[in-house]
Amino acid sequence: NKSHGGSQKLSEEKFYSKYDEGIWLRSCEEEILDPIEGKISGIIPLWLKGNLLRNGPGKETFGSDHFQHLFDQPAILHRFAIESGSVRYQCRFLQTETFCRNSSAKRIIVTEFGTSGANDPCRTIFAKMASVFNLGESSSDNAVVSIYPLGDELFAFGECPAIFSIDPESLKAKERINLNEDFGIVHHTSHPHILPDGTAFNLGTIATAFGPKYCIIRFPEQRTFKDAKIVATLPVQRRLYPCYMHTFGITENFFVLVEQPWVISTCRLAKASWKNSPVVEAMKWFGGRMTKIRLLSRKSGKLHKTFYAEAFAFFHIINTFEDDDHLIIDICCYDNPDILNGLFMDSLRGMQTNPNYSSMFKSKCLRFVLPLKLDTSCKSSGSSKYRKRERTNLVTLHGSSARAWIQENGRIFCIPEELCKIPCDLPRINYEKFSGKPYRYYYALGQDFCDPGKLIKVDVKTKTWITWNEENTFPGEPVFVEAPNPTSEDDGVILSVLLWGSKQENRVGLLVLCAKTFKELGRCEFSTPGPGAEVLPRMVCTVGKMRIMIKELIRFYTKNFFI
């Protein structure tokens, strides 16, 4: 692990002069265990009461070792307690086994997505072989991505099978639950869907006697883990290349799985595991292959239909819903997964001298419209990207410019329509009322490095948008909170955590916007004893899936072919 002292010396020319990359290079070393009061400006609505909990990467170092990727850093939990027009703030590191082991050793000893743990010179070949079969011994349980309710408790999620119940007042971890031990899950997404009745669904991966399968797990509100069960499965078509999925969709009748051609090579993973190399070396992008959108029936758990699209990478789905015999999926898409390369610490340090850096973050918010009732006699030849030729468009949804047609091979090929011209991600909607249903508005974080710090509200009906931004101010993911007795979908407020550039490391804030007008209502600012940590609770943490996936696959092949 390299040591990086001081700030990077940049050339006089900065390609992104308005963007302060220093907000990502901070290391939050100090917890705030006792809530501190903030300074209010404007008005915090009196009806706004409760806790805003955030999760994200914290410190950059253990001892003299430095993490090489942003999402290798240990999870730190944040709490903004809002009551009677005032706000209090506190933060605490999530006490995972990985965090405790690294803290005790005063160095990085657990390998993460982009960072190798320290090699043990006394480790024998037999010890290496044994570690492959010892789940949890060498795998990170850094649950750094999100916080969701399951049953009557809150849990910190990553993508490894370990989740942590947390106390919403003290932020202490109460219990570590390993879903691999209880349910055979080797990976799950960090974004489960919570239904109005409290039932939760999540997308996971299990290892079976016939190879790995994607699965949908149902967690009831009562007896959440005791009565949890798998309600749908889908075999991985290319057994040695399970694809990476960070989230999924759910509608009234379907689970929606988006199989992007961004995969985990189990052969590369075995090599990385043996050499104690960063897990990123096992990921592979097949840009020449199509993305598959698979619909699984919620009633039967079986595959209903597969749709195809040009290759794209994604992390977050905005919303999925059914309307007039079509299924609509709104999604933040990238041409490739290069965004992860942009989040290596060395890439962040060098962004101001890299004219191509911003291109890694150029997302497009696209709408795919999937026809559910098909006339299979409508076939056309050709499969080039946007070739101009006669085709029968199967999309009949009023007001949509999206297209879909049946190719000669019987595949249904889809071309999306664009919802917003501004690159953005980390989308949120009025989730409690409109998840899985027709909706009109979403809120997201802009990703334009030449004009940074934007929060965006998009009207998907008119395809127009409004923005909020402030010079040298860097907001986080927008969160919608509905007002009491709402009269419209956007009747409420937007909450967003604020950080500041220009060496204002000890300044943290909470912004409150009117969701209708996108004008600021008020904010609360805090002076913290140490640098404020970045908060990106809906981004990527892939290490758990990869490490445990290879162990389960090795067990499978050993059991079925060598014994």
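Cβ atoms are placed via backbone N, Cα and C, with glycine included.
Annotated features in TrEMBL:
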type: BINDING; residues: His191, His246, His316; note: Fe cation binding site
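Taking the features listed in TrEMBL, we show where each one sits on the structure.
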| residue | record | DSSP class |
| --- | --- | --- |
| His191 | Fe cation binding site | coil |
| His246 | Fe cation binding site | coil |
| His316 | Fe cation binding site | strand |
Winner by Cβ contact number (other Cβ atoms within 10 Å) across the binding-site residues His191, His246, His316: His246
